[in-house]
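The structure under discussion appears below in the form of structure tokens.
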Amino acid sequence: MAVERTLSIIKPDATRRNLTGKINAKFEDGGLRIVAQKRVQLSKAQAEQFYGVHRERPFFGDLVSFMISGPVVLQVLEGENAIARNREIMGATNPANAAEGTIRKEFAESIEANSVHGSDAPETAAQEIAFFFAGIELVG
Ligand code: CMP
């Protein structure tokens, strides 16, 4: 298995409820290392560009509004098979389908306010990391 990096976002529903530490413990206990992290308020333009692949979906406008409704924590997670591993730790997109012990099962409020985002493939991970982080911010 290769060491990979993936982009993670702790979403506004989770920062609002002060869950950053509890979510980070799930990543670390699950074998991932947080190699970069910053708390920011996304602009509408940034959120629209980041989620551009979903532009035609009916939930796009609500998703963008939600993602700019409060601060988010942007992170790069590193580890063996980090992209798939992070998706296991997060659980299914819809918390109603998420397995016991996952972040979304424990913390998500709805399919929209689902506490975390994680990249879904190596190509998107590379793009999403580069969208938010400069190389100098990744210290390993
Ligand atoms: P995320 O992994 O951040 O990628 C896109 C997000 O759209 C997804 O998590 C959900 O929070 C959100 N979303 C809202 N409604 C839907 C839906 N019906 N199907 C899929 N994703 C949705």
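Glycine residues also receive a Cβ, built from the backbone N, Cα and C atoms like all the rest.
What TrEMBL records for this protein:
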DOMAIN    3-140  domain 'Nucleoside diphosphate kinase-like'
BINDING   LYS11, PHE59, ARG87, THR93, ARG104, ASN114  ATP binding site
ACT_SITE  HIS117  active site, pros-phosphohistidine intermediate
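Distribution of TrEMBL features across the structure.
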| residue | record | DSSP (3 states) |
| --- | --- | --- |
| LYS11 | ATP binding site | coil |
| PHE59 | ATP binding site | coil |
| ARG87 | ATP binding site | helix |
| THR93 | ATP binding site | coil |
| ARG104 | ATP binding site | helix |
| ASN114 | ATP binding site | coil |
Candidates near ligand 1 among the binding-site residues LYS11, PHE59, THR93, ASN114, judged by a Cβ under 6 angstroms: PHE59, THR93, ASN114
Helix-strand-coil residue split for the domain 'Nucleoside diphosphate kinase-like' (3-140), DSSP-based: 64 helix, 28 strand, 46 coil
Residues near PHE59 (ATP binding site) in space but at least six apart in sequence (CB under 8 A): GLU112
Fewest other Cβ within 10 angstroms of its own Cβ, chosen from the recorded positions ARG87, ARG104, HIS117: ARG87
Alpha-carbon distance [HIS117 (active site, pros-phosphohistidine intermediate); ARG87 (ATP binding site)] in Å: 9
Model confidence over the domain 'Nucleoside diphosphate kinase-like' (3-140) (mean pLDDT, whole number): 98
Which of THR93, ASN114, the listed binding-site residues, has fewest other Cβ atoms within 10 Å: THR93
